[in-house]
Structure formats: structure tokens, C-alpha cells
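Notes to accompany the following structure.
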Amino acid sequence: MDYEILFSDETMNYADAGTYCQSRGMALVSSAMRDSTMVKAILAFTEVKGHDYWVGADNLQDGAYNFLWNDGVSLPTDSDLWSPNEPSNPQSWQLCVQIWSKYNLLDDVGCGGARRVICEKELDD
């Protein structure tokens, strides 16, 4: 699968990030994060930029340890994509997922903070 990826320079909360991507005919990045080639490219870019970025995964459905990518696929808590000791508080208020600049891996955080955004669009072959 090929993807078009958009990295925003604007910061916004998680809900606004989803709207931002949708207004461009895209979605918060999710399926590209499960593609080994794409995830390497995305993480290489975010590492150079040194900012936190929203991705399309959250725990808003039930507040348990059940993170899902926005396309409905499970994001296991033992995934290699998580930063060390993360997710750390998904049963409380840390229900959304970012790429955390400290480790350049995923981190569960509150949904109201301002972060940059990564959008994706799957391209037809």
C-alpha cells in the first residue's frame, strides 16, 4: 500500500487534529503506522523535527487498556511502537496517543494538549 503523508506545522488538540485531517480528505495516521517501511520513514522525520505529533489512536471507547487505531485495529500495549514504560495511564485521563519527541515512539497523553499532526491518505495502486 502506498500513502500520502502530511505533517502539519500547526498545533492543535486531538479532536481538532482529526477535523484538520478530514478537511484535507485524509485521516490521522493509523494504517501507515503498521507498515514497517512507512513507520520507519515517519519516525525518521519526527526524530529530525523534534516535536510531538498526534497519531490516529486512542482509548476513548471504554477507558480500559484497549487502544485502537482510528481504523478499528487494535494497538497492543506490548507493541514495540510504545515508548519505555508506556502506556502509563490509559485507565484515567491519558486516552489519546502521540509520537513523543523524548523517545520518538508512542505515548498515551491527555487529549486536550496542543501537538502537531500527521495525516495519511491511502493511495490506489
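Placement of Cβ uses the backbone N, Cα and C atoms for every residue, glycine included.
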Exercise. Going by Swiss-Prot, tell me which one of CYS21, CYS96 is disulfide-bonded to CYS119.
Key: CYS21
Quiz item: When you measure from the Cβ of CYS111 (disulfide bond), how many other Cβ atoms are you left with inside 10 Å?
Solution: 18
